[in-house]
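Each remark here refers to the structure printed beneath this line.
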Amino acid sequence: MAGVASTYDEPVRIAVIGGTGIQSLPGFTLAASLKVDTPWGEPSSPISILHHPSPSTGKPTPIAFLSRHGLHHELAPHEVKNRANIAALRSIGVRTIIAFSAVGSLQEEVRPRDFVVPDQIIDRTKGIRPFTFFEGGMVGHVGFGDPFDTSLAKIVRRCGHSLEGEGVRLHDTGLLICMEGPQFSTRAESNLYRSWGGSVINMSALPEAKLAREAEIAYQMICMATDYDCWRGGPDEDVNVEMVMGHMKANSENARRFVGAVLDELSKEEHGQLVLAKHLEGQMKFAGAMTHKEARGPVEQKLQWLFPGYFD
Ligand SMILES: CSC[C@H]1O[C@H](OP(=O)(O)O)[C@H](O)[C@@H]1O
Ligand SMILES: Nc1ncnc2[nH]cnc12
């Protein structure tokens, strides 16, 4: 990009991952566009560093923005460069991610254009996406009982509620089904997920959330419903891309306001420790050091890159 810096000297702590219909975050000042190479390859898109004025100090807080499906939505859900995305964000200092996703609703009360802050996930991906940093000679296990960061979730919910009455409808919790795709579900699958108590469905939460946890990054997804999948009506009402994009476009202003409110709040000094994910710091030093030094395989070098000093 002509005239835009390709480096950024300060660590960037907060990132937004944009999904379907959110390939950029207008209204912020573009300070740099970074091409980060990682041992897992290049991320889905260059990382934009945006300046966001902190409401408490007035100083600009840098925010990293990454477009999950590429700058022009060229990556299918199973082609998203999840490991490179998370590794690249961690390498520039990111410890908090707000991820955005267009989802199908599995419940009547979750209406198209409603927002949901999910608190649980059921994994219905098919194991074809690379889903861990810990393979190829170093074994690591990390807790995932709460797949989203519970402290971050509280802030996100508060911000969403502050916009209620201005066109934003928010559901505080939800069970997110993450399916493989790219084809949408069958009616039988959609009804099965409803019988499990599923609230919403997408194709992108995993392995993104798992990799963020492995990378010691606090992660919360904000979902926006765009359809009722295929359980509710006849074939005429089934989800299709036009429907998803139509609702995303019509409600994009609210989505941006929601993300903006969360960034305003996270930029406050009082959230400094949370934004640095101090509660997760160091967990992989032990979880990832299971494999005896002499027995480690070639992945060790990659993990040294991701966690400098952890596995010396
Ligand atoms: C275009 S509909 C299916 C597509 O939409 C969602 O994308 P994202 O989560 O990145 O907003 C869903 O996960 C699928 O990838
Ligand atoms: N019905 C649906 N299924 C999976 N992902 C989606 N994203 C938006 N709507 C969806």
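One is the number of the first residue shown, and numbering goes on along the chain from there.
Just so you know, glycine gets a Cβ as well, placed from its N, Cα and C.
Since this is a predicted model, take the numbers as computed values, not measurements.
As annotated by TrEMBL, phosphate binding site applies to Thr20, Arg68, His69, Ser101, Ala102, Ser204. Spatially close to Thr20 (phosphate binding site) yet at least six residues away along the chain are His69, His73, Ser101, Ala102, Val244, Met245, Met248, judged by Cβ distances under 8 angstroms. In this structure, Thr20 (phosphate binding site) belongs to neither helix nor strand by DSSP; it is coil.
Every protein chain considered, the tally of other Cβ atoms within 10 Å of the Cβ of Tyr228 (substrate binding site) stands at 21. Annotation source TrEMBL lists substrate binding site at Met203, Asp227, Tyr228, Asp229.
Marked as domain 'Nucleoside phosphorylase' by TrEMBL: 13-263.
Look at TrEMBL and you will find Ser185 (among others) tagged as site 'Important for substrate specificity'. Secondary structure from DSSP puts Ser185 (site 'Important for substrate specificity') in coil.
Here TrEMBL flags Val241 (among others) as site 'Important for substrate specificity'. Around Val241 (site 'Important for substrate specificity'), no same-chain residue at least 6 positions away in sequence has a Cβ under 8 Å from its Cβ.
Highlighted here are the binding-site residues (His69, Ser204, Asp229) whose C-beta falls below 6 Å from ligand 2: Asp229, in sequence order. A straight line from the CA of Ser185 (site 'Important for substrate specificity') to the CA of Asp229 (substrate binding site) spans 8 Å. Per-site Cβ counts within 10 Å over the binding-site residues Asp227, Asp229 peak at Asp229. Among the recorded positions Ser185, Asp229, Val241, the ones whose Cβ sits under 6 Å from an atom of ligand 1 are, in sequence order, Val241.
Cβ contacts within 10 Å of Ala102 (phosphate binding site), excluding its own Cβ and spanning all protein chains shown: 23. Neighbour density at the Cβ, taken as the number of other Cβ atoms within 10 Å, is lowest among the binding-site residues Arg68, His69 for His69.
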